[in-house]
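A.B. asks: Below are the features I grabbed from TrEMBL:
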| type | residues | note |
| --- | --- | --- |
| SIGNAL | 1-26 | signal peptide |
| ACT_SITE | Asp145 | active site, charge relay system |
| ACT_SITE | His179 | active site, charge relay system |
| ACT_SITE | Ser357 | active site, charge relay system |
| DOMAIN | 425-506 | domain 'PKD' |
| DOMAIN | 533-596 | domain 'PKD' |
Amino acid sequence: MRRRTPLLALLVSALALLMTPTPIHASVSASSSAEEGSYIVQLNPGKLRAAPRATAEDQVNQLDGTLVGVYEHAFKGYTARLTPAAAEALRKNPNVLTVEPDAEVVAFPQTTPTGVRRIFGPSNPNLDIDGVDDVRIDVDVAVVDTGVDFDHPDLNVVARANCTTGSCVNNSGDDDNGHGSHVAGTVGAIDNTIGPVGVAPGARIHGVKVLNSAGSGTLAAIAAGIDWVVARASTIEVINLSLGCSGCSSSAISTAITNAVNAGVVVVVAAGNSSANASSFFPANHADVITVSAMTDNDGLPGGQGGSTLSCRTETDQDDTLASYSNYGTTVEITAPGTCIYSTWMNGGYNTISGTSMASPHVAGAAGILTSGANKPTTRAGSLAVRTELIATGNSNWTDDSTDGVKEPLLDVHDATRFPPTTGGNRPPTASFTSSCTQLACSFNGSGSSDPDGTIASYAWNFGDGSTGTGATATHTYGTAGTYTVTLTVTDNAGATASTTRQVTAGTPANQPPVANFTQTCQAILFWRYCNFNGSSSSDADGTIASYAWNFGDGSTGTGATNQHFYSSAGAKTVTLTVTDNLGATGTITKTVAVP
């Protein structure tokens, strides 16, 4: 829902957003496109005579195309690289429902959570938000985004997949943008002594990477990501999609979303950040999703007394009003805080950013509370009932200044009777190890690893040279001296894993030779000509200088760091200093010295 703004103001706002150093919103322009020749094909399930993969391979081979990915769960279909003529031929195939050109999609870019306070999370005693990691919500949430920082200390990431190519690869796809990790933190950052706390503290996060480091991707990647989630619908309760496109659509992804909801998965989508009607944004306009707008909250409190100065943006948005960037309209069903939200970030960090992308995971976390434990929906009716409950429990204590005639409720999770989360579930272990090396033989001890609610069942070592090992303690002899990256992965009695990595130096590194250097001062007094030589500026990077050997250029030699030498005649003398380090390596310097 959004206020009407004069055209000039809209143009100025658009320019300001383009110039903002930190992304504020993300959308997919209808004019943008993925790589030319990429098409998403939706097969007719009623006419399939073979498995989707076999059908896809047969169709693509006949058309001299390249198969990219096959989808069997959210919908029956595939992505392939085809010529336009081949795509047109497929459209005429009675076994094919739709053939759609792929398109680019981007994250809806951008604290304590003032957002969590504003939806009254701390007021719900069942959530026990107190900075002590003793309550974790028993729910699984898929963050379909730029990936999630899988080893962030403030996140409970249990699975990940990289679907950016249109085909998913398990145990891959770390966050290289930050957006997905930020979303994940708002959903379920752990209630501990660091960083923020999520709406559903400690929720199990499944990071599904469909967007690249620039925050963009393809419809094919999203199709693959949703298909990956639906294949795990017996485990995952909620999907968050803080992404979308303006003026585009996809029948295949629409089918995928519907089938996800039919399988009992709640789908939460950001409305978009274009100050426009959300009805023209996909998948925000899908009938089965929960579409979320963003409101500005400056103090974590109701009442609109937080002023209009924003901590992370140059714009001014009045406290407790619709965010100036947020999409609006009858498509939007609920609002949540989205401006200046503090959350987790990639590489173990934290960041404060804004957008409907930040509002949506507040609702996804709340949906996680409702679907936790034995409350998991298994049918379409159960999934849609969660949407109904979230809307019904929202409050109207905010100002909708969009003038669209529809005031969506503000997310509110304070009621312990309406939001009685199921806690528990397995908590992941912590991996830790020490090491010591005698020349090339190294010993490793991982017995310092721990599990807060169980035991460590197995230890897996990767010694960084292609060799592996098992057991709480392990030994390994390296073939050559050097520094190796060693990883220990521990698995607890419930199957959760954790990893840690350290650099280990084996063997004696090659000795670095010393560097010789000296200075001199020369004088002539009556009949004497002499020079004072000082080689103490010589150095050894990995040891000490053991000896100094001088050749004074007149047949005489000397030792020691400093020397005084008398010459019998004036003129240019070639002086050489050779230094030897504690391991026998040498360094030499030669200078021409003028004797007066």
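Keep in mind that glycine also has a Cβ here, set from the backbone N, Cα and C atoms.
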A.B. asks: For a three-state summary based on DSSP, what are the helix, strand and coil counts in the domain 'PKD' (533-596)?
C.D. replies: 0 helix, 40 strand, 24 coil
A.B. asks: Roughly how many angstrom lie between the C-alpha atoms of Asp145 (active site, charge relay system) and His179 (active site, charge relay system)?
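C.D. replies: Spelling it out, the Cα of Asp145 (active site, charge relay system) and the Cα of His179 (active site, charge relay system) are 7 Å apart.
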A.B. asks: Given His179 (active site, charge relay system) and Ser357 (active site, charge relay system), what distance in Å do their CA atoms have, once rounded to a whole number?
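C.D. replies: Spelling it out, the Cα of His179 (active site, charge relay system) and the Cα of Ser357 (active site, charge relay system) are 8 Å apart.
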A.B. asks: I'd like the number of other C-beta atoms within 10 A of the C-beta of Asp145 (active site, charge relay system), please.
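C.D. replies: Counting Cβ neighbours of Asp145 (active site, charge relay system) within 10 Å gives 31.
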A.B. asks: Check the active-site residues His179, Ser357 for other C-beta atoms within 10 angstroms of each C-beta and report the one with the most.
C.D. replies: Ser357
A.B. asks: When DSSP states are grouped into helix, strand and coil, how many residues of the domain 'PKD' (425-506) land in each?
C.D. replies: 0 helix, 48 strand, 34 coil
A.B. asks: Mean pLDDT over the domain 'PKD' (533-596): what is the value?
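C.D. replies: Mean model confidence (pLDDT) across the domain 'PKD' (533-596) is 94.
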